[in-house]
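Novice: This is the structure I want to talk about, given as structure tokens.
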């Protein structure tokens, strides 16, 4: 579990551009980040699982049972690795096709968002300016009170608190007025964006291209399923000896333990 947590922390703390920084590659697309996350997570689970198996085999019970779990784990890991290698090109093709087929929709939505952003930016700038003015006004009023505190020390602490409370409430109330005004100004654009999104989705639903995309997606999934069958069969064949060996070892250990109990 520690390895899984570490992998997730590294992935998120380094950010989506970590590969771009270290390898000087082009920034990753969202699809690439999803695929990299899946790879990191699977590798972390595999490594942490091997650590737990190793710890168990090193324990007194593990040595007594002598199940050779670590050897079986390595065999299983190699089999899974071969499966990933065989499915790699297939999954890459599926993600590439999906990204290509939905590119037009992302472009349309980005265009709508950019248009709304340009229209609401003046309101956001005005709100930020007014908020900064209120904060500066509050700071000017609080400054002399801080000097009073330093001069009067603890005996004036309660008095200072009483003076600060109405100032803080006044700042809160004035900020609320600006927020309400901003919300009122942005409401038409929010409704407009919601209507545009609904229109886009309705157009997609009624468009023949949706049926075409559905057919393409079904075709991609069918191709992925057909190409994955041989790899999954190889995985099953690779697991059978591991499971049989584990079954035999466990049964032998149970039988030996039963004999020892009967002999006592």
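The backbone N, Cα and C atoms fix where each Cβ goes, glycine too.
Relevant sequence annotations retrieved from Swiss-Prot are reproduced here:
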{"type": "MOD_RES", "residues": "109", "note": "methionine sulfoxide"}
{"type": "REGION", "residues": "67-264", "note": "region '10 X approximate tandem repeats'"}
{"type": "REPEAT", "residues": "67-88", "note": "repeat '1'"}
{"type": "REPEAT", "residues": "89-110", "note": "repeat '2'"}
{"type": "REPEAT", "residues": "111-121", "note": "repeat '3'"}
{"type": "REPEAT", "residues": "122-143", "note": "repeat '4'"}
{"type": "REPEAT", "residues": "144-165", "note": "repeat '5'"}
{"type": "REPEAT", "residues": "166-187", "note": "repeat '6'"}
{"type": "REPEAT", "residues": "188-207", "note": "repeat '7'"}
{"type": "REPEAT", "residues": "208-229", "note": "repeat '8'"}
{"type": "REPEAT", "residues": "230-240", "note": "repeat '9'"}
{"type": "REPEAT", "residues": "241-264", "note": "repeat '10'"}
{"type": "SIGNAL", "residues": "1-18", "note": "signal peptide"}
Novice: Count the other Cβ atoms sitting within 10 Å of the Cβ of the residue listed as 'methionine sulfoxide', across every protein chain shown.
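Specialist: Total other Cβ atoms inside 10 Å, all chains included: 14.
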Novice: Is the repeat '3' (111-121) packed against any residues at least 6 beyond its ends, judged by a Cβ distance under 8 Å, and which are they?
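Specialist: Long-range Cβ neighbours of the repeat '3' (111-121): 185-186, 189, 192-193, 196-197, 200.
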Novice: Tally of helix, strand and coil residues over the repeat '4' (122-143) according to DSSP?
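Specialist: When I sort the residues of the repeat '4' (122-143) into the three classes, I find 22 helix, 0 strand, 0 coil.
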Novice: With DSSP helix as H/G/I and strand as E/B, how many residues of the repeat '7' (188-207) fall in helix, strand and coil?
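Specialist: The composition, in the requested order, is 19 helix, 0 strand, 1 coil.
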Novice: Look up residue 109 (methionine sulfoxide) in the DSSP assignment and report helix, strand or coil.
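Specialist: Its secondary structure by DSSP: helix.
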Novice: What is the number of residues in the repeat '6' (166-187) that are helix, strand and coil, as DSSP sees it?
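Specialist: Reading the DSSP string over the repeat '6' (166-187) gives 22 helix, 0 strand, 0 coil.
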Novice: If you average per-residue pLDDT over the repeat '6' (166-187), what number do you get?
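Specialist: Reported value for the repeat '6' (166-187) is a mean pLDDT of 82.
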